[in-house]
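As recorded in TrEMBL:
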type	residues	note
DOMAIN	B:215-422	domain 'ABC transmembrane type-1'
REGION	B:1-22	region 'Disordered'
TRANSMEM	B:46-68	transmembrane segment
TRANSMEM	B:219-240	transmembrane segment
TRANSMEM	B:260-280	transmembrane segment
TRANSMEM	B:286-310	transmembrane segment
TRANSMEM	B:331-353	transmembrane segment
TRANSMEM	B:406-425	transmembrane segment
Ligand SMILES: Nc1ncnc2c1ncn2[C@@H]1O[C@H](COP(=O)(O)OP(=O)(O)O)[C@@H](O)[C@H]1O
Ligand SMILES: [Mg+2]
């Protein structure tokens, strides 16, 4: 593949609308998320970043009043078609949440849970390998290898969030969605997560929601700016930050509102 | 008022108030505020302590009375009865005693009469009244153990009658008191732990009345109640919390369940009477019917406790599990239920404790009959501890007073054991975050 060819599209949304009862939260968003890059969703709070992110692995299904219209595909397959199994979809499109939410179980169990329910590592030695590999990729192995059987909730906030990333990685997803993964963390823990995102780039398609524009500039190659439920502008991150085409994007980036 | 904290500052010009004067933390007003605050703290602590002390005193008083009254129920008085078998000339064949029909043969030979005669010859005309009604059964067992005593004079310790027992332990009528004193002086009276209280069933004679029948009835009834109410209650709670859509129908169900939990228990008894006995023709006085009725009664309690416990599980845990591709059933059984279990168990045990102490609904389904033997299965006639207490407390014969207290002690021990189990389970399953 040459440099000037378009990167392979992993997920693609066409004219997506999301309603919470009568609230129209996402208004006709179309976007392509590609395989090699980290895509950042930015925008003022309440503009629908989380809502749109959650349509990508159908986490909105758990909200009774939420209704999704439009087409979203993963590798060309419509994820809202009846043929799509939502459980498998969520294994293929993993998620990391705003607040670290490890299970109140051991570190090992946190990571092993996903592979176990999907039958990915039936033998104990396989499972040990999966756990170690996932923790290594999440940059947590060295810190926890001697206390794998301590509770995951006893870790620091930043470690907990990396444990949640390891948990997502353990089921071997194709896409990882992160919803403001650093908003509950201190700057040092944030830096570690950002570094980790760099390392994971390429292996997984990554979509990260952030309200921190510097963070978007640091970790992403593509940026989408949302405002009041609309996708205002989407493009290469450096272009968005240095040369926005839309007035609203410019206003947001220059801090006129937020 | 001079006690304002911030000295009044005159507004210097029409637009802006003057600078606030610095707060003086040492003023008189400030000091008295501190004193008031301390006094309020002290008052509240004393009130709380008083409340706790008062309830503790009530508890101690209650338990103390029960223990003092009931201790006698666990003790029995025995009389050493001299029996001169050759003189009594019982008409039994020795071979018969080794066989199955030994009981019948001895009864046929007039053993009961003979024991009475022996008592009269040993203790005088009143002698027969000194022995418990079932004293001859003790003699019968002794003969069966060792038939050779039929050729000798022996002395056997048999249960004393309730009146002698009371006279020996407590105050009684002067005549019987004197008799007891005489027997005691002759060294004929002994006291021992009344095992038959723990192994026997109800009886018209307080000396031989036991609690085992009622205890077993309670155990069987509770088993039925738990086996029905726990799974059904927990499944309903899970369904209502995790699966049911939130609409008018589920609201209606929720209101109904809350109301059911508050319905007086006797109504459930009437329901049990009408449905289980009336419509389904189930056996009267049976633990299965009692268990069904009590299960209906405590199911709402378990559903409510279960829903609250499930609601208290943080949504972030559900998200986490769904996010790695757990199905809804897996989310419930791997994550929500384990976290909610301590709360569910506590609610269940509270419900079970309520069921254990329940009398009224069981009276309605016929568990108030006199049952002289322990129930063999779920369908045989039975009574339960609280009903037994109710029945005994109603007896005129004074020997039942201490039996009543003793039965209450057994019930309380049962309850304490259940609560201890609840605490154990709670700690066992509590998740440390
Ligand atoms: N569960 C929900 N029920 C109802 N409305 C919701 C829910 N979640 C989000 N919304 C609404 O949808 C809009 C977008 O919210 P969200 O996606 O959380 O924004 P963001 O993540 O960009 O801050 C907001 O107006 C919010 O009030
Ligand atoms: Mg958000």
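Placed from the backbone N, Cα and C atoms, the Cβ positions cover glycine too.
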Discussion item. Within this structure, do the transmembrane segment (B:46-68) and the transmembrane segment (B:331-353) have 3 or more Cβ pairs under 8 angstroms, counting pairs 6 or more apart in sequence?
Written reply: no
Practice prompt. Using Cβ atoms only, state whether the transmembrane segment (B:46-68) and the transmembrane segment (B:286-310) have three or more pairs under 8 Å that are 6 or more apart in sequence.
Written response: no
Worksheet item: Which residues, given as numbers and ranges, are at least 6 beyond the ends of the transmembrane segment (B:286-310) yet have a Cβ under 8 Å from it?
Response: 217, 220-225, 227-230, 232-234, 236-238, 240-242, 257-258, 260-261, 265, 268-269, 271-272, 276-277, 336-337, 340-344, 346-348, 350-352, 354-355, 358, 361-362, 364-365, 367, 375, 378-382, 384
